[in-house]
Amino acid sequence: MAFGPFLCFCICGRVLALVIWGVLIVGCKANFYSDFDITWGNDRAKIVNNGEILQLSLDNYSGSGFQSKNEYLFGNIHMKIKLVPGNSAGTVTAYYVSLSLSLSLSLSLSTCYLSSQGPTHDEIDFEFLGNLSGDPYIVHTNLFTQGKGNREQQFYLWFDPTQEFHTYSVLWNPIQVMFSVDGTPIRVFKNAESKGVPYPKNQAMRLYSSLWDADNWATRGGLVKTDWSQAPFMASFSNFEANACVVSSYSTTKSQCGEASNGWFNQGMDSTAEERLKWVQKNYMVYDYCKDTRRFPQGFPSECSLFLPKSL
């Protein structure tokens, strides 16, 4: 199938190989100066260590955020993140991919996401909900297709995400969207268009990240507020890597992206990934929209019966 026009790259700051017609060669070094633009927060967002680390901070005046220079249509995207330590209640760190017609801002969450914009936008979200010292972070995930979200799943992590960097990944291809933490899948949204479930496949998206104040809902439903005496709050990002199809505004070539790639474009779930997914969802899932009978008294969305790991 043709999804062009676009080219396949390994995107990590210094591109060592440009690959056309879907032949993807990985070999590059991340650099935030060349890969991202700081979009808000003024000097609360800083690139340090010669471009190897980007730091976002939040105080009682403003948060901060950045976005990728490139737009992607499918990719295997990784980012190492060290979350806000100590009493991070009320903060959100966001990491997401979204349609990029205009800038999307999130306000004390850490958020990282892929997103497009507009009433029919697509978006793939990681959000990290801060908590009191000693209490676990909650990883909040969501996925929008054609402007419709409300597909939240939440998880505890099996480690302290504030002590060192951990890798948070989104594999987005024509088969599935897979959220992973340190290589362990935590959530899968499969392409079920044949069964009437919309799937993000036509709108190019940018990668966004932000650190913002959301104490009206982020921690225990808003019961625990941000302690501004602990500010500034800081989250750090490193080792960005995107083995991805980068949309080119000047190309007229329709590429069969990924047909001869290194595997991510056609990657599904093998038995090992299925078992790891079941382990996470059995032991660490704390909310699933597909089990919320109060929210869906007339029946769950159609995809809920399609995406369960086998034997879960």
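Quick reminder: no glycine exception, Cβ is built from N, Cα and C everywhere.
Database features, via TrEMBL:
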| type | residues | note |
| --- | --- | --- |
| SIGNAL | 1-17 | signal peptide |
| ACT_SITE | Glu123 | active site, nucleophile |
| ACT_SITE | Glu127 | active site, proton donor |
| CARBOHYD | Asn131 | N-linked glycosylation site |
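In the structure as shown, the Cβ atom of Asn131 (N-linked glycosylation site) sits within 10 Å of 20 other Cβ atoms.
Glu123 (active site, nucleophile) sits 25 Å from Asn131 (N-linked glycosylation site), taking the Cα positions as reference. Cβ neighbours within 10 Å of the residue listed as 'active site, nucleophile', excluding its own Cβ and spanning all shown chains: 24.
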